[in-house]
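This is the structure I want to talk about, given as structure tokens.
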Amino acid sequence: MTGQASSGVERLVAETDALFELSSKEWLLRKKGFRKGSKSIQINETLLTVGNGYLNIRGSLEELPPGHCGGMYLSGIYDKSEADVEELVKCPMWTDVSVWYEDEKFCLSCSRALEHEQVLDMKKGILHRRTTFKNSHGKILTLETSRLVFMHDAHRGYMRVRITPVNFSGQIRVLSGLNGEVFNRGFFPHEQYKHLQLEKIERGRNFMYLEMKTRERGIRIAEAASWKMMNGQERRRRWEPRIYGEKFTSEITIDASQGESYTFEKLAVVMTNRDVPVDRANNMIREAICNLRCYVRTGAPVEIKRHIDVWRNLWSRADVRIEGDDAAQQALRYNIYQLLINGPSKPGPIGAKFLSSEGYMGHVFWDTEIFILPFYIHNFPSMARNILMYRCNTLPGAIRNAEKSGYDGARFAWESATTGEDVTPRFASKLEKTIRLIYTGAEEDHIVSDVIYGVERYFRVTGDESFLLHCGLEMVFLTARFWASRVTKVGEHYEIHKVIGPDEFHEHVNNNAYTNWLVKWHLRLATMLFRHVGKTAPEALRELAGKISLADDEPEHWLDISRRLKFTQDPETGLVEQFDGYFDLKDYVIGHPDRFGHPVLPPGVNYRNIGRTRLIKQADVLLMMLLFPHCFSVEEKKVNYDFYEPRTAHKSSLSHCTYAMMGLAVSERANAYRYFMKTALFDLENLHNNTELGIHAASVGGSWQAVIHGFAGLTLKSDRIVLTPWLPKKWKRLSFRVRWRERDVHLDITHSEVSIRIDAVSDVTLPCTLYGQNYKIRTNKPYTLQYCPSK
Ligand code: IFM
């Protein structure tokens, strides 16, 4: 190698070094130390996931120590094979690396760790690792890695590896490749499902290529990578690419000198046949290699710079600053980071565990529309649209669900994957320890209206008429038709029998308040939209009516059902009965929490008999009041809060954020803050002891909502902004911005002022209600109003 070329390489290394410089500490999530065989290995893998919403990679250690559960997941790639139902497929890995000296691998489980740390830089979306191993022969070596998947180009990833033999010189082998020997976890311990079969494995002078196909749907996943030594090339003795079965390994042997560092880099491309035009999809190797060549030509530093620029923009859009409470700020940042690495740039599913693991098999629940979607609606409307488009595209599956259960219209699946047909497993999910039949797929029908709630909220905040006319209306009408066939007429009234509400401790119940209230609203909305669009876009309505054979009198029938659907609330106290007969159940309240602060079930109550008690799993009536805040008075909310809060076991990650926001609504502020911190720290502190199985995406979205809708008290209506901020004492300032119908709303709240500025293309005056008082806000002008929450 010439001196000139080698100085070019040094420059490249220095350039990436500069780009990889760590951000300041408030942007870092640090995980220090390593405990062999402990659960923390997998918990850290979940927490340290990097991604871009198309492809996400768990933060596994490159040498994959025993007990690891590394994995890469691609949005929307599901397969069934021997599994009970379709599940998110673990894809071939490209981030595995192993370093050997004299037939001994440097691995955290067999070498001593003199130091070990993984650092997630949330500002840049990069995961770093630094480990100094001492092997059984006393050889000390430092391994440093950095990995990322690009935000500006979802198909590309990058990894840099640096090794330094600290107290020895000699031949070191560094291996990395493409690993197709990957399995999903099975239902029982040690059971595994194989979802992929080998299609093609090839090597060229500068690349390796692996193509695998999902066994059921035949989706082809292509991975191409270049793996090379960057500096110290003259030290390279051998480069041996090897293919073992479904694994490609590229082995580089170097003559290493004590104290010198050697840097390697891997450029990877990942795509599926779904990502390329049909006529090119039968030549995936060509697609992937072309892409890789182009990537190699551009060079990593240019790509990394672009990636960091995109991250800068994402944070400038979505960051929320809390001054005075570092713990809250750090936790919220982490949750926003999770939302950012899972935002879909194309229509596609968002599962209850995001793309962080196979937990809940990657399925999509109501978590998406009720808990996760609002962040995207208020920050990245096009991503929100993509989330809803997934539901729209799976309407045919929802129609089949309705048909299969003997109803009309469309019934969104309780658990959804590729087609929208219900994929709820028949037996208890892997997250629960016991095996029992699951009824949620047959009975948890509130999902149907939860999706529509998401549609309405999206439309209200964005005003996206085209989505409404081309997708939303059809979703609203077909699901309204489902309810019209699902209700039971009892005398002059309608009822909904045999459901499970959000509280899943009680199955086969009649007239769950949350469900019935949502259905009332949904049917009314359907009728109103029918009338409204009949006037504003009659042609579009006529076309849709023809497509779904909508009879003229159907909408009026929906309104009639809405009016006469049962809903039970004590007229004197305002207390809502969660379902028929709930008040007749044995009464218990949750006693003192355990030493971790978790609610403890009263003596004698267990998961087999809990359905005979008034104890509930998660917010139910309270969530209804949160979603429809203007339909219930503060007194009604308080009565229900006081009743249900001591009876809620919070055995779901969806519960705490609801109690945080409802706590603020009824001035239970200390409690609200406590619940907020639980939500915000849900995975960071492994609150439910199952973070190894993936991120709790609903609590991630819920913690953002608790700050924006809860503490800032922000509601965006179609024509006005409503604000009721209240800040905890130690929060000196809360500031953020949200998107509202092509405008940017900037809010800055302190204990004395509420500052608001609405940036817009044109100057207009918009109404804003603060603590119930109306103001007129001119766009592009700053306003400072008084902060004065009720005592
Ligand atoms: O959707 C939730 C449900 O409400 C409670 N069990 C877990 C599901 C997925 O998060």
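Every residue, even glycine, has its Cβ placed from backbone N, Cα and C.
The domain 'Glycoside hydrolase family 65 N-terminal' annotation in TrEMBL covers 41-274. Positions annotated as domain 'Glycoside hydrolase family 65 central catalytic' by TrEMBL: 333-705. For Trp366, Asp367, Lys617, Gln618, the entry in TrEMBL reads substrate binding site. Annotated active site, proton donor per TrEMBL: Glu504, in sequence order. Annotation comment: TrEMBL describes 717-775 as domain 'Glycoside hydrolase family 65 C-terminal'.
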Please spell out the DSSP helix, strand and coil residue counts for the domain 'Glycoside hydrolase family 65 C-terminal' (717-775).
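The domain 'Glycoside hydrolase family 65 C-terminal' (717-775) comes out at 0 helix, 35 strand, 24 coil.
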Give me the long-range Cβ neighbours of Lys617 (substrate binding site): same chain, 6+ apart, Cβ under 8 Å, in sequence order.
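Sequence-distant Cβ neighbours: Pro502, Asp503, Glu504, Phe505, Thr648, Ala649, Lys651, Ser652, Ser655.
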Please determine which of the recorded positions listed here (Trp366, Asp367, Glu504, Gln618) has the lowest count of neighbouring CB atoms within 10 Å.
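Counting other Cβ atoms within 10 Å of each of the recorded positions Trp366, Asp367, Glu504, Gln618, the minimum falls on Glu504.
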Looking only at Trp366, Asp367, Lys617, Gln618, the residues listed as binding substrate, what is the longest Cα to Cα distance in Å?
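Among the residues the record ties to substrate, max Cα distance equals 16 Å.
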Other residues near the substrate site, CB within 8 A of the CB centroid of Trp366, Asp367, Lys617, Gln618?
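Apart from Trp366, Asp367, Lys617, Gln618, the close residues are Phe365, Pro502, Glu504, Ser652, Ser653, Leu654, Ser655, Ala698.
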